[in-house]
Amino acid sequence: MVNAGDMNGSGNLMDFLDEPFPDVGTYEDFHTIDWLREKSRDTDRHRKITSKSKESIWEFIKSLLDAWSGWVVMLLIGLLAGTLAGVIDLAVDWMTDLKEGVCLSAFWYSHEQCCWTSNETTFDDRDKCPQWQKWSELLVSQSEGASAYILNYFLYIMWALCFAFLAVSLVRVFAPYACGSGIPEIKTILSGFIIRGYLGKWTLLIKTVTLVLVVSSGLSLGKEGPLVHVACCCGNFFSSLFSKYSKNEGKRREVLSAAAAAGVSVAFGAPIGGVLFSLEEVSYYFPLKTLWRSFFAALVAAFTLRSINPFGNSRLVLFYVEYHTPWYMAELFPFILLGVFGGLWGTLFIRCNIAWCRRRKTTRLGKYPVLEVIMITAITAIIAYPNPYTRRSTSELISELFNDCGALESSQLCDYINDPNMTRPVDDIPDRPAGPGVYSAMWQLALALVFKIVITIFTFGMKIPSGLFIPSMAVGAIAGRMVGIGVEQLAYHHHDWIIFRNWCRPGADCVTPGLYAMVGAAACLGGVTRMTVSLVVIMFELTGGLEYIVPLMAAAVTSKWVADAFGKEGIYEAHIHLNGYPFLDVKDEFTHRTLATDVMRPRRGEAPLSVLTQDSMTVEDVETLIKETDYNGFPVVVSKDSERLIGFAQRRELILAIKNARQRQDGVVSNSIVYFTEDPPELPPNSPHPLKLRRILNLSPFTVTDHTPMETVVDIFRKLGLRQCLVTRSGRLLGIITKKDVLRHMAQMANQDPESIMFN
C-alpha cells in the first residue's frame, strides 16, 4: 500500500471493488428488483462471453453451453413438473376413493383401477366388483341399510378431517408459504418483487404433498392454481443451478414465466393455453425468447404427463368430450345468459371472499388457522355426503356434467324416456322427454350449486393449498347443465315455436346439454379470473371441442364485460391488494391530472432528502446515515449546497462495500473519506486512506422533472419496472418517487386506503 500523500499525488489508488465481492447486486427480502440494472448486467455478461469465445476452443464451447443452458432448464422444468402432476393425479384418485372403501386385491388401487382387473364386473354394474369393498362391507359385512349408510358417512367425514388436519399441520410447521393458490404471489414475484423462500425446496415438497391431501379431503378447491406454484418452484430450483439465472433476478423471472406456462400445461393438459395464460395473466416481462421457451417447457411437461397417463384414457385431461351435434345461432342467447351469470357469480365471489379474508386478517379468527380448516372440512363433508353430486370429487362431477348422453351412459342425468321404435345409430340419439332420474338430478344439482357457491367463498384463502379454477368451473358447469336440459326439453315439447322451427325438427338431436355445461364453466372461470383469450384456448384444449369456440368466446367476453361493470379487479389482483404487495397492474388506467411534484418526497414541512456527497463524507457519516434511515438507497450529489445530481447508490451495496473494505483494505477507518469520483479528492497529509465506491454508483439513474404528469410517471414505472425515480429541475435534485409512492398515490386517487401498500 502507498501512503495518503502518494495517493493524492498519483491518483492511481487501487479500487478494491474492481473485483466483485459476495452478495453485490443482490436484493433484500420484500424489496423490488431494478429491472434496468438487471438487463444491463446481463448485456455486459453476454458481451464478455462473446468476446472471450474468440480466444480459444474451450471458451467457445463455454459460450455454446451458456446459450443452450436456457433450453436445458426448460427441459428439466417440463420433466419435473409433468412427473409431479402425474403423481399428484394418481395419488388424488386413490385417496379420494379411500374415503369410501378399499381394494382388497391391492390397497393402492383406486376404485376404477380395482374393477379394471376384475373378471366378474358386468356392464350394468361396472362400478361394482368383489375386489372393491365399501368400509361398511369390510367392517360389518353390510352394504345396504341404515347402519351401513351411517358407518360409511362417519368414516367419510373422519377421512376428510384426517387429510385436512395433516395438510394444515404440515403447512404450518414446515412451509407457511405453501398455502393458498400461489398465483397472486407468482404475479407479484414476476413483476420484480422478492419473496425469499416462496419458491424454495421445502415449499415445493410440502405443497406437492399437501395438495394431494386437501383435494382428497373433498374441500371445494382445485389443484390447478397450486400446480402453477409447484412448477414455478421447479423453475426456481433449476435456475439456481446455472449462474446465468441464479445471479440475475431479471433472467430468473424469464424462467419463472416459462415455468408458469408448464404448470397450466399439466394442470389442464393445455400446452398452448398454458403459454397464453402465462402471457395474459401472470407475466410482467415477456420477451419473444421467453415465448418460445415457454412453448418448449409446456410441450415437455405435457408429453411427460401423457407418458404417465394418470387418467388411463390415453389423453392429457379428464374432461375430454366428443359432441355429435353442431350448435345453432339461436343458442347464442342462452350462451350469453350463461356469460351474464358467470360475470355476476365472479363479482359476488370476489367481494364476499375478500370481505371474509379481510375479516380473517383483522380478527381473532386468523389466529386459529387449524381450527378454521377443521371446521370448514367438517361442514363440507357433512353436507356433501348425502348428495351424490357433491360427494364425488369435483373433477369427476365436471366430467359427468360435460358428457353427452350416449346409449351406453348410466348416469341419472341421462335417464330419458326412450322411444321403443327408435332405430337410429348410437351416436345420433334424438332429443327425448326427461325421465324421473333427470328431474331428481336437477334437484340435486340445484342444491349442489347453492352449496358450491357458498362453501367456496369460505374455503379459498385458508392456510392450505387451494386452487380456484375447478370450483369456479364446477359452479358454471352445474348452472350450464341445468340450462342445457331446460333448453333441450323446451325444444322437444315446443318444436313448433318460431325459434326452434328452423333447426329443431321432431326426432332430431338438436340440443347438447353438455355443451352448455362447458360454456357455463368457461363463463364462471372468466368472471372470477377475468381471463379471456387464454381461457377460451384452455377450454377447447381441455375438452377437445374446437368447433364450439364461438360459444366459448361469446360467454367469456360477456362474463368479463358484466364482471368489469362492477369492478376491474379479478380475484388474483384483489388478493394482491389485500396483502399490500407492490404490484403495478398494466391493466389499470391512471387518468388524474397530478404532477410529479405532488407525489415526490420530501413534501412541504418534511425533513430534507437524505443524500450522499461525492467526496466530503466520511465512512462514519455514511454508516450513521444508513443506521438512522431505512431508505433503500441514496442520491449522490456534488455537495449539499449545489445539490447537483451525480448518481444513485443502493443501501445494501453501501453496507456490503464498507464491510468488505474494512476487511480487505488496510487503512480504512471511521474517518476515512468516501468518494464516488474517478480521482481521489485532495486531502491533507497523513489523512487515513480514502474509500473509493464509484463501482457501486449508478451513474444514470432515471430522472423526471417536477412538472412531469403523473400519468407519464406511472407509465414509466410500469414499462421499465423502476424501483425509484429522481425528480430534478435544471440538473438540481428536488426529491424522489418510489414505486410505493406511486402505488399509494394511485390508491389515494381511487379513494382507497394508501396505507394498505405495505412493501417497497
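Glycine residues also receive a Cβ, built from the backbone N, Cα and C atoms like all the rest.
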For TrEMBL, the entry transmembrane segment belongs, out of 227-243, 312-328, 397-413, to 227-243
Counting only pairs 6 or more apart in sequence, are there at least 3 Cβ pairs under 8 Å between the transmembrane segment (441-461) and the transmembrane segment (195-215)?
no
Residue list, the transmembrane segment (195-215) vs rest of chain: Cβ under 8 Å, 6 or more residues beyond ends.
29-30, 84, 87-88, 91-92, 95-96, 163-164, 166-167, 170-171, 174-175, 177-178, 182, 185, 188-189, 221-223, 226-227, 229-230, 232-237, 256, 393, 464-466
Which sequence-distant residues neighbour the transmembrane segment (227-243)? Criterion: at least 6 residues beyond either end, Cβ under 8 Å.
69, 72-73, 76-77, 80-81, 84-85, 88, 181-183, 185-186, 189, 199-201, 203-204, 207-208, 211, 251-252, 255-256, 258-260, 262-264, 266-267, 282, 301, 465, 467
Pull the DSSP breakdown for the domain 'CBS' (697-755) and write it out as helix, strand, coil residue counts.
24 helix, 19 strand, 16 coil
Surrounding residues of the transmembrane segment (515-540) on its own chain - C-beta under 8 Å, 6+ positions past either end
264, 268, 270, 272-274, 276-277, 279-281, 321, 323, 327, 334-335, 338-339, 341-347, 349-350, 398, 401-402, 468-469, 472-481, 483-484, 487, 546, 548-549, 551-553, 555-560, 562-564, 568-572
Go through the chain and flag residues at least 6 beyond the ends of the transmembrane segment (153-175) whose CB is under 8 A from any CB in it; none is fine as an answer.
95, 98-100, 135, 200, 202-203, 205-207, 209-210, 213-214, 216-219, 369-370, 373-374, 377-378, 380-382, 385, 391, 462-465
State the non-local partners of the transmembrane segment (332-356) in its own chain: residues 6+ outside its ends, Cβ under 8 Å from one of its Cβ atoms.
453, 456-458, 460-461, 472, 475-476, 479-480, 483-484, 487, 516, 519-520, 522-530, 551, 554-567, 569-571, 574-575, 578
